[in-house]
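Reading through the structure tokens given below for one structure.
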Amino acid sequence: MSKNNTYILAIESSCDDTAAAVLYNDKTLANVVAGQAVHEQYGGVVPELASRAHQQNIVPVVHEALRKANVKKEQLNAVAFTSGPGLMGSLLVGTSFAKSLAMGLNIPLIDVNHMQAHILAHFIDEEGFDKPQFPFLAMTISGGHTQIVRVDSYFEMTVLGQTLDDAVGEAFDKSAKILGLPYPGGPLIDKYAQLGNPKAYKFTKPKVGDLDFSFSGLKTAVLYFYQREIAADPDFVEKNRNDICASIQYTIVNILMDKLKKAVKQTGITQVAIGGGVSANSGIRKALKDAEGKYGWKTFVPKFEYTTDNAAMIGIVGYLKYTQNELEATEYANTQVMAQSRLKL
Ligand code: KG4
Ligand code: ZN
């Protein structure tokens with residue numbers, strides 16, 4: 001079987017985005033994402049509602065991806081899907097759909113780890129975007145995870161440090177919620193931060209050992225700060241929104257950069273890639289660019305559409321697994337493969 005002309009359909013449904021993509025080898029032909037507005041009013045993802053929305057979205061999203069790619073399902077060589085980590089009820093929708101489709105088309109089914117996909121998204125062929133060389137460091141920063149990973153090859157990854165409590169995206173979203181901003185608040189903090197003074201207010205950084213992170217203290221610090229200031233002036237947030245957001249973002253970016261610098265020092269690896277929803281943040285993007293001149297790092301920031309959850313990143317992992325010669329047909333996911341909410345890297 002020739003693996004030079006591979007069409008892969010990829011499905012991602014681990015959290016609150018229903019996504020499907022079609023890849024031709026390592027190129028994205030279509031990358032469709034249906035978000036779920038239903039969670040906004042609750043200030044966070046409601047798992048049962050997410051699962052129901054995935055069930056409504058999955059068929060139209062897959063249709064749309066195939067239509068945009070101009071690929072017929074009979075042309076597909078394999079179906080890749082996220083098997084974890086994520087919300088169980090959400091994962092099950094994508095998993096069941098992928099299994100049935102692969103079975104119906106009689107083609108391989110490839111299970112993909114969502115966190116591995118955030119890292120390997122850097123290997124999607126895109127004009128103007130370099131691919132990292134092995135070994136490199138990857139920092140995955142999202143609403144569910146915060147990890148620093150050493151990447152020695154496509155499938156050899158070692159977690160060097162991770163959050164002990166909240167993920168960095170949660171720190172953004174929960175701080176935003178305290179300030180009265182809608183969910184997800186990360187992009188809004190980013191937007192206001194760009195207009196404010198990052199040194200207007202000071203939030204202490206957590207003291208956590210080695211390369212691990214902790215963000216729950218920051219959320220509490222923001223809450224106490226808010227309560228104190230609002231007691232003195234009820235309009236405090238309206239008057240100072242930009243400065244507050246800039247100061248929170250500055251603190252978070254500093255926490256991330258401090259750990260990255262430590263990881264570079266410990267490993268001697270100066271190629272640094274980021275991935276996950278928070279890698280869309282303008283503050284972390286700028287800090288990484290600055291590190292190129294300041295410390296001589298080579299940094300990799302994914303194309304915007306591959307930062308937040310998407311299926312193209314699942315597709316590239318599917319493609320890499322499919323074309324690895326050592327991977328025998330029996331090593332593809334069989335239909336017994338289960339969704340795993342706590343799947344490790
Ligand atoms: O990777 P992702 O789409 O989903 C998870 O796997 O969690 O990440 C979503 C997270 C949310 O917490 C969202 O607020 C955050 O990414 N996010 C941002 C920005 N864009 C998305 N946080 C800060 N600044 C942004 N520009
Ligand atoms: Zn994600």
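One is the number of the first residue shown, and numbering goes on along the chain from there.
Quick reminder: no glycine exception, Cβ is built from N, Cα and C everywhere.
Residues annotated as domain 'Gcp-like' in TrEMBL: 28-315.
Residues or ranges marked as Fe cation binding site by TrEMBL: His114, His118, Asp309. With a 10 A radius on its CB, His114 (Fe cation binding site) counts 26 other CB atoms from all the protein chains. Under the DSSP three-state reduction, His114 (Fe cation binding site) is assigned to helix.
The substrate binding site annotation in TrEMBL covers Thr140, Ile141, Ser142, Gly143, Gly144, Asp173, Gly186, Asp190, Asn281. Other Cβ atoms within 10 Å of the Cβ of Gly186 (substrate binding site) number 27 in total over all chains.
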Fewest Cβ neighbours within 10 Å, where candidates are the binding-site residues Thr140, Ser142 | Ser142
Roughly how many angstrom lie between the C-alpha atoms of Thr140 (substrate binding site) and His114 (Fe cation binding site)?
-> 11
For the recorded Fe cation site formed by His114, His118, Asp309, name the remaining residues of the chain with Cβ within 8 Å of the site's Cβ center, in chain order.
-> Glu12, Ser14, Thr82, Met115, Ala117, Ser142, Gly275, Gly276, Asn310, Met313, Ile314
Entries of Ser142, Gly144, Gly186, Asn281 which, being binding-site residues, have CA atoms within 10 angstroms of Asp309 (Fe cation binding site) | Ser142
Check the binding-site residues Thr140, Gly144, Asp309 for any whose Cβ is under 6 angstroms from an atom of ligand 1, and report them in sequence order.
-> Gly144, Asp309
Can you check which residues sit near Gly144 (substrate binding site), meaning Cβ under 8 Å from its Cβ, same chain, 6 or more apart in sequence, and list them in order?
-> Cys15, Pro85, Gly86, Ala167, Gly169
For His114 (Fe cation binding site), the closest of the binding-site residues by C-alpha position, picking from Ser142, Gly186, Asn281, is Ser142
